[in-house]
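Here is the structure we will look at, set down as structure tokens.
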Amino acid sequence: MFLNLLDAPRRLLALVALGCVALLAFGLYLQHVVGLEPCPMCIVQRYALVLVAIVAGLTAITSNKKGLITGSGVLLLLAGFGAFVAARQSFLQWYPPEVASCGRDFYGMIETFPLQRAIPMIFKGSGDCAKVDWTFLGGSIANWSFVCFAVIGLTALTLIARLARQR
């Protein structure tokens, strides 16, 4: 089935956008129904997922090959960024900092500090980022987020390679 979707890149990109919307909806369910509060790194991953959904959706409506390749390239970069943040959070969960502090929340960091100071603070993580509140099949939300971003990145890379070979 996946190989059939590769022959229809616009359909595959629409499926990626729809999958991202479903993941975002599940994140909101975990936050507002289950009661899990997202940490700063979770929020950055959500923003990356929103951008992936927008780029995948816009690229899906593109009809020319150059636009599909360019959109898939941007998708690859965004998925790589999301995977990096998820991998960093997974690392913090596996090897929590010795001094776990709650730290500031995401918006507090952005509002209080200049951007060049706030961004490193976000990636440093806090006690909240190292905490595992929910698991599925032994993986935390950050672990599954990494898997999703990796699949999106591999899909974009495969699309680029396939489209570049077509005449």
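Cβ coordinates are placed from backbone N, Cα and C, and glycine is handled just like the others.
Going by Swiss-Prot, these are the annotated features:
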TOPO_DOM  1-12  topological domain 'Cytoplasmic'
TRANSMEM  13-29  transmembrane segment
TOPO_DOM  30-47  topological domain 'Periplasmic'
DISULFID  Cys39-Cys42  disulfide bond
TRANSMEM  48-63  transmembrane segment
TOPO_DOM  64-69  topological domain 'Cytoplasmic'
TRANSMEM  70-87  transmembrane segment
TOPO_DOM  88-143  topological domain 'Periplasmic'
DISULFID  Cys102-Cys129  disulfide bond
TRANSMEM  144-162  transmembrane segment
TOPO_DOM  163-167  topological domain 'Cytoplasmic'
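Annotation for the disulfide-bonded residues Cys39, Cys42: lowest Cβ count within 10 Å of the residue's own Cβ, Cys42. Classification of Cys42 (disulfide bond) by DSSP places it within a helix. Mean pLDDT for the topological domain 'Cytoplasmic' (1-12) in the predicted structure: 68.
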